[in-house]
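Trainee: So TrEMBL says this about it:
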| type | residues | note |
| --- | --- | --- |
| TRANSMEM | 20-44 | transmembrane segment |
| DOMAIN | 135-376 | domain 'AB hydrolase-1' |
| ACT_SITE | 215 | active site, charge relay system |
| ACT_SITE | 341 | active site, charge relay system |
| ACT_SITE | 370 | active site, charge relay system |
């Protein structure tokens, strides 16, 4: 499209529709038109861009170009809220919340705990009426997220239209179930995820099976894949807005503006998620001290790193950083990040490491924030992230044989 022609036609149209007396004189109209044209040019030249696709495997690239073309098309962020922080803040309030009816299941763990799974069985699927072979997507929400998060609901809605089944892995103690042992969760420990994957696969061993993780859920999934390599029942995985290097993530979130907008709120969410289990957790922790934390780092130092037996918070953060395990991923993985995500700074995205693993593809947008990726004038429904999820999941389940022999 010739954008110069577009902006010229836009100017002529506005001049024909707006009276010369607008704002009191033709000067006001000229200013408005000038600003509008300048903003449109800036947006089209600097904001709307094709994402960067990083993949060393030409076969994987061709597969994505053919069956997941959204990763090669220009991403047009919502024109009035394209900045990363704004997208991050507005997404939960702007996007709709599709209605989903779950079937809850509580499974026991080896240490006496329990995990809450929310199933969307999609029994009305016309594409896959046989439940034993219906493709299954395991969804992992973010740090304090559950199956009720809008981005999870949208993923399920996209999966429903394709005929797939979904199951949401809620981290311990966060989805309303009781905490039976003084243990919650973290990004580094994959024991609960391993138990869930084994459980889901054992129920439907003939069903194609993949997973998608968002934010901390993506970090946990990457750490699991780095640990297991090819020894997993998962066919492939999709990762959205993962924090690749936890040291860089917490440093970014501790900058004054980011602390004010995100860090303090996240810390209070973490504290709230454990406060109703206080009686159980007080057996091992000084809960008064934990509840005084004012940053995620302070919370992890007093609570998370201690819970999982790390000698220091640095040891925990090193173990929790997926960038250290990316080389060992043994199945096809598509990872979407925005370079303006304050939760995962651009310089910490492991581009060079990704190039060393033929199973990994990174999709990097210039805008989108953290789990934002809003597009359209009024982005109530589908986001760019939703479209990437839908196309990649469908590509894997319906054409995956073309990449599994890589």
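Counting begins at 1 with the first residue displayed.
Yeah, the Cβs are placed from backbone N, Cα and C, and that goes for glycine too.
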Trainee: If you average per-residue pLDDT over the domain 'AB hydrolase-1' (135-376), what number do you get?
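Mentor: For the domain 'AB hydrolase-1' (135-376), the model's average pLDDT rounds to 97.
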Trainee: Determine the Cβ neighbour count for residue 215 (active site, charge relay system): the number of other Cβ atoms within 10 Å of its Cβ.
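Mentor: Within a 10 Å radius of the Cβ of residue 215 (active site, charge relay system) lie 26 other Cβ atoms.
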Trainee: Between residue 215 (active site, charge relay system) and residue 341 (active site, charge relay system), how many Å separate their Cα atoms?
Mentor: 11
Trainee: Using the alpha carbons only, what distance in Å do you get between residue 341 (active site, charge relay system) and residue 370 (active site, charge relay system) once rounded?
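Mentor: Residue 370 (active site, charge relay system) has its Cα 5 Å from the Cα of residue 341 (active site, charge relay system).
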Trainee: Sort out for me which one of 341, 370 has the most neighbouring CB atoms within 10 A, since those are the active-site residues we care about.
Mentor: 341
